[in-house]
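Engineer: Take a look at this one; I'll ask things after.
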Amino acid sequence: MQDTTGKAASGNLAGASGATAEQNKVHMNGHTVTQNGFNPPSTPTPQPQSECQLPTPAPIVQREQWGGKYEFLLSCIGYCVGLGNVWRFPYLCYRNGGGVFLIPYFIMLFVTGVPLFLMELSLGQYGAAGPITVWKCCPLLKGIGIGMLCVSTLVCLYYNVIIAWTFYYLGSSFQSPLPWSCEALANAAICSGNNTANNATGKVLTPTEIFWNNQVLGVVYSEGLHNPGPVRWPLALCLLAAWIIIFLCMLKGIRSSGKVVYVTATFPYFVLIVLIIRGATLEGSLDGVTFYLTPDWSRLANAQVWNDAASQIFYSLGIGVGGLLSMASYNKFDNNVIRDTIVITTGNCCTSFFAGFAIFSILGHMAHRKGVPVAQVADTGPGLAFVAYPEALALLPGSVFWSIMFFLMLFMLGVDTLFGNMEGITTAVLDEFPHLRGNPLQKSLFLGALCFSFYLMGLLLITDGGIYWFTLIDSFSTSFGLIIITLFMCIGISFFYGVNQFCQDILDMIRHCPPWCGKVLIYFKACWVFGTPFLLLFILTYIFIEMYRTSLRYGDYVYPLWGKALGVCMGATCCLQILIWAIVAISKETGTLKERFQKSIRPLNSWRQNNLNSTVRAEEHIEPEQVDPPYTVTLTDMDFTAMTWDVGSQA
């Protein structure tokens, strides 16, 4: 819990000479550091015999650290490279002008994505704390961490439902022929053209659409959002298995999940390479790739293209959800966070572009076989992963093998992303209640209760009408609420904590900073202060305009007004945490409103104590300087929190 009495001191030593004040500008790593424009005073040396001592603080439970450098990198890459890279980016690319879409995509990446990614990693690594506790650097903004927790909860709630669908398809893929292929006896009438089962619009459904809508979702038996219907128990068992796997992989924290990612983060790349090689040998594959990349320069004038680029950056990098911040908090203090940011973000975006070739080469083959344009078989979201692509795989020789490989890849992509989201939640709670971290049994019970709670809440999403609820949560959980959270995070660090101080913190972490690191930080500083907030405001404005002008749909179903209002409430609940907890922080202070505000943006003294997690840092800890008489020392809150010492005075 945050210690509201432990504010970093803003005063200075009364009566101390200029030389003494200059000596006091010492950081734990030997760097000169200022906090929001003021210099923290040094702590006097304890006297041998003390008549009056303050009690020593309670021992802090040591936090875990990654077992190796590659565990952190693979965990972050697995967290960022998720289902959105496979089923969202290729669709957005062809819909928004093909290769032209890469221009706004990379602009948004370098102006918003990479700077915010570095900010989250640096904040977590420097503070060695989760999304809530890390805001000891600025208690006024504790609500940002609570908001991140709300977003993570909503994402975990629906994301594991995707893994449950993947499990269902993976189990069905072991049947030969595939149950959604034309070779299956149940689909003989449909593929022969004698099908009379139409949907509400009179459109003849394909076997894959019938399998998806009737057998998997059961959406044909639901009237809409107001009529979810009964739980589909085959999916309920798949969802239970998914949560059991998540629980077992995270049972020992990063010590277990850090080992699992060696498989789950690398296997999807192997499958993508195999699918690209296979797709390149298929007739019509070049048509699909051409359709994927053909530029339409006129699309650059459309604001929708720029908004799609920004939303994809947020969606794929996992910014503002708390997972990145939590995973970085287990790093060693002197880890080169700038290098990691460049490696992870570059790898994520290259994977998105790379996956497009695997998707559209096989979709091009399907369009060629059916004699229709590629645009008629391309889709986004679950429609691509569970309808269009399975139908294309069913046309390939050895379709069972390719289907198993594809859905195994989707499973591992989903699990990796869920690891990061769950880590954000568990780290936040364990940091706020550190006694759980020191008790393995209580920690396991907490994780089990959390997974079981998510399972029970997720049952609503696997009813006959569950896809309507799934779409609602998916549309609003990472919408305007997430943008507002990241906007306040950027503004809070840049203007309340201080962008110069934050850059100095990054340099302190990179102990042997190469010359290019300092130069790159100048660019990031400009983004944090000007470019990133401006683009976030643009995205936020566009989201509100589109939300007002367009209605929410799933297929032919139009959501009622109350359903859309419910989604808006979800997003508002996440971002309103910032205001609520800011009011709480100000109300705890004393003085005028201006004084309360100034105190609430001042870092707590315990903010910098976390840096002692690093063994190297502990070895380099500088002994505090002694203040010799006859100078009189004015004590501040900071002097009573760092260590116990003699408060007696000499004549």
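Just so you know, the numbers here start at 1 and follow the chain as drawn.
Quick reminder: no glycine exception, Cβ is built from N, Cα and C everywhere.
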Engineer: Identify which of Cys156, Cys182 is listed by TrEMBL as the disulfide partner of Cys191.
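Structural biologist: When TrEMBL is consulted, Cys191 turns out to be bridged to Cys182.
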Engineer: Counting Cβ pairs under 8 Å that sit 6 or more residues apart, are there three or more between the transmembrane segment (313-330) and the transmembrane segment (342-363)?
Structural biologist: yes
Engineer: Can we call the transmembrane segment (392-413) and the transmembrane segment (72-90) in contact, meaning three or more C-beta pairs below 8 angstroms at a sequence separation of 6+?
Structural biologist: yes
Engineer: In terms of Cβ proximity under 8 Å, which residues at least six beyond the ends of the transmembrane segment (260-280) contact it?
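Structural biologist: Apart from its flanks, the transmembrane segment (260-280) reaches 70-71, 74-75, 77-78, 81, 249, 288, 351, 354-355, 357-358, 361-362, 364-365, 396, 402, 405-406, 408-409, 412-413, 415-416, 419.
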Engineer: Any residues 6+ beyond the ends of the transmembrane segment (102-123) with a Cβ under 8 Å from its own?
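Structural biologist: Answer is 93, 96, 134, 137, 300, 305-306, 309-310, 312-314, 317, 319-320, 324-325, 328, 337-338, 340-342, 344-345, 349, 353, 486, 489-490, 493, 502, 505-506, 509, 524, 527-528, 531-532, 535-536.
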Engineer: The transmembrane segment (520-545) and the transmembrane segment (72-90): do they have three or more Cβ pairs under 8 Å, with pairs 6 or more apart in sequence?
Structural biologist: no
Engineer: Given a separation of at least six residues and a C-beta threshold under 8 Å, show me what packs close to Cys191 (disulfide bond) in the same chain.
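Structural biologist: Those within reach of Cys191 (disulfide bond), by Cβ under 8 Å and sequence separation of 6 or more, are Cys182, Pro207.
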Engineer: Mind checking which residues reach the transmembrane segment (476-499)? Cβ under 8 Å, same chain, six or more beyond either end.
Structural biologist: 35-37, 115-116, 119-120, 123, 137-138, 140-141, 144, 147-148, 150-151, 154-155, 158, 314-315, 319-321, 525, 528-529, 532-533, 536-537, 539-540, 543-544, 547, 567-568, 570-575, 578, 601, 603
Engineer: With Cβ-Cβ distances below 8 Å as the criterion, list the same-chain residues six or more beyond the ends of the transmembrane segment (144-170) that contact it, or say none.
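Structural biologist: Beyond its ends, the transmembrane segment (144-170) has Cβ neighbours at 83, 130-135, 216, 234-235, 238-239, 241-243, 246, 320-323, 325, 382, 386, 390, 403-404, 407-408, 410-411, 414-415, 417-418, 421-422, 424-425, 428, 454, 457-458, 461-462, 466, 470, 473-474, 477-478, 481-482, 485, 488-489, 492, 570, 573-578, 580-581.
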Engineer: Which are the residues of the chain, Gly78, Val81, Asn85, Ser316, Asn348, Leu413, Asp416 excluded, whose CB is within 8 A of where the CB atoms of the Na(+) site average out, their centroid?
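Structural biologist: Nearby residues not in the site list: Ile77, Tyr79, Cys80, Gly82, Leu83, Gly84, Pro268, Thr351, Thr417.
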